[in-house]
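Asks: Got a structure for you, written out below as structure tokens; questions coming shortly.
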Amino acid sequence: MKEYKVAVIPGDGIGVEIVGEALKVLEKVGAKYDTKFNFTEVKAGGCAIDEFGVPLPNETLEICKNSDAVLLGAVGGPKWDTLPGEKRPEKALMGLRGGLGLYANLRPAKVYDILKSASPLKEEIINKGVDLLVVRELTGGIYFGERGRDIQNGINSAYDTERYNVEEIKRIAHVAFKAALKRNKKVTSVDKANILESSRLWRETVTEVAKEYPEVELNYLYVDNAAMQLVREPSQFDVIVTSNIFGDILTDEASMVTGSIGMLPSASLRNDTFGMYEPIHGSAPDIAGQDLANPLAQILSVAMMLEYSFNMTEAARDVEDAVEKVLNSGYRTGDIYTEGSKKVGTKEMGKLVLAEL
């Protein structure tokens with residue numbers, strides 16, 4: 001029997017409820033595939049501020065470092081919005097990414113046939129199908145570059161610096177090409193190489209890496225055009241690879257193409273099999289503790305964990321198929337409910353997925 005250690009961070013708001021359902025799924029998968037998952041629950045975010053005075057306690061980071069993967073719910077909420085920036089719950093995410101060396105963020109955006117009506121796009125666009133993956137560089141670029149304020153010609157000024165080196169670009173490009181090999185073998189590299197020097201280096205480096213993957217088609221888009229194409233014809237995309245700031249914007253846009261943010265998981269990875277997995281939605285404190293939250297993004301995050309950290313691809317497909325079967329049977333949480341479907345709560349949705357596994 002294989003054994004894996006999973007650090008569990010329920011976090012704030014609905015995190016506790018949806019993580020609870022996801023862990024049941026992981027346990028059932030373990031029983032089916034003769035694998036034991038050992039869970040250690042730790043705190044980060046607002047609940048950690050309340051208890052320890054910091055968003056990311058050292059103990060949490062150490063336990064995560066000594067695990068095979070991390071399952072994260074959601075952090076934050078209006079309760080902590082008045083705190084200074086460094087003390088806010090969201091700082092826990094930056095601390096986890098940096099402390100665990102996670103440099104690649106993978107966000108799939110898929111429109112399920114049965115949920116097409118949720119998309120804000122026209123039917124003729126969405127009917128072509130949307131199943132793309134955005135691979136975003138997570139630890140470089142303008143968010144981590146030199147910044148500051150000064151006085152220029154007697155006027156208050158501020159600056160931020162976009163900087164990348166070849167190695168940072170190479171490693172994220174490899175992640176994208178390897179992902180494409182398992183998908184439809186197409187990578188779109190998004191940059192602003194007509195203006196930015198950092199983007200020119202990005203394009204040169206991605207072009208070099210592409211030579212190692214002759215079976216994968218590579219094309220390029222400037223970021224402004226990519227943003228337009230995502231809503232004009234999202235079906236053209238398979239894997240999109242891009243820098244930190246461009247990825248931050250495009251992943252949010254891609255999530256709204258689906259119209260169902262409660263369905264979308266994400267993974268943050270590094271060079272080995274370790275990863276941190278979480279839904280892309282927030283902590284939704286307004287519906288916390290009321291059995292209203294959609295647990296499917298969290299459950300699909302477990303599917304990504306099975307695939308990327310534990311190399312259990314068949315098990316990952318089982319989870320994805322179970323989710324799709326439940327949706328096809330007409331069950332919906334409130335966020336994706338439409339007239340004629342059957343409305344269920346967090347716990348019931350979790351039970352329905354378990355029954356299909």
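A Cβ is built for glycine as well, from the same backbone N, Cα and C atoms used for every other residue.
Straight out of Swiss-Prot:
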- 77-90, 282-294: NAD(+) binding site (BINDING)
- ARG97, ARG107, ARG136, ASP224: substrate binding site (BINDING)
- ASP224, ASP248, ASP252: Mg(2+) binding site (BINDING)
- TYR143: site 'Important for catalysis' (SITE)
- LYS192: site 'Important for catalysis' (SITE)
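Have a look at these and tell me how they're positioned relative to everything else.
Replies: Spatially close to ALA288 (NAD(+) binding site) yet at least six residues away along the chain are ASP12, GLY13, ILE14, VAL16, GLU17, judged by Cβ distances under 8 angstroms. The secondary structure of ALA288 (NAD(+) binding site), as reduced to three states from DSSP, is coil rather than helix or strand.
Cβ neighbours of ARG107 (substrate binding site) (same chain, under 8 Å, six or more residues apart in sequence): LEU133, VAL134, ARG136, THR251, ALA254, SER255, LEU264, PRO265, SER266, ILE280.
Over all protein chains present, the Cβ of ASP252 (Mg(2+) binding site) has 13 other Cβ atoms lying within 10 Å.
When secondary structure is read from DSSP and collapsed to three states, TYR143 (site 'Important for catalysis') falls in the helix class. In sequence order, ASN244, ILE245, ASP248 are the residues near TYR143 (site 'Important for catalysis'), counting only same-chain partners six or more apart with C-beta under 8 A.
Residues within less than 8 Å, Cβ to Cβ, of LYS192 (site 'Important for catalysis') and separated from it by at least 6 positions along the same chain comprise SER199, TYR222, VAL223, ASP224, PHE246. Secondary structure at LYS192 (site 'Important for catalysis'), as computed by DSSP, is coil.
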Asks: Taking the residues ARG97, ARG107, ARG136, ASP224 listed for substrate, what is the greatest CA to CA distance in Å, to the nearest whole number?
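Replies: Largest pairwise Cα separation, rounded: 27 Å.
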Asks: Given ALA284 (NAD(+) binding site) and ARG97 (substrate binding site), what distance in Å do their CA atoms have, once rounded to a whole number?
Replies: 22
Asks: How many Å separate the Cα atoms of GLY85 (NAD(+) binding site) and ARG97 (substrate binding site)?
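Replies: Between the alpha carbons of GLY85 (NAD(+) binding site) and ARG97 (substrate binding site) there are 17 Å.
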Asks: Over all shown protein chains, what is the count of other CB atoms within 10 A of the CB belonging to GLY77 (NAD(+) binding site)?
Replies: 20
Asks: So what sits near LEU292 (NAD(+) binding site) in its own chain, CB-to-CB under 8 Å and at least six residues off in sequence?
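Replies: Spatial neighbours, sequence-distant, of LEU292 (NAD(+) binding site): THR333, GLY334, GLY345, THR346.
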Asks: Could you check what DSSP calls ARG107 (substrate binding site) once collapsed to helix, strand or coil?
Replies: strand
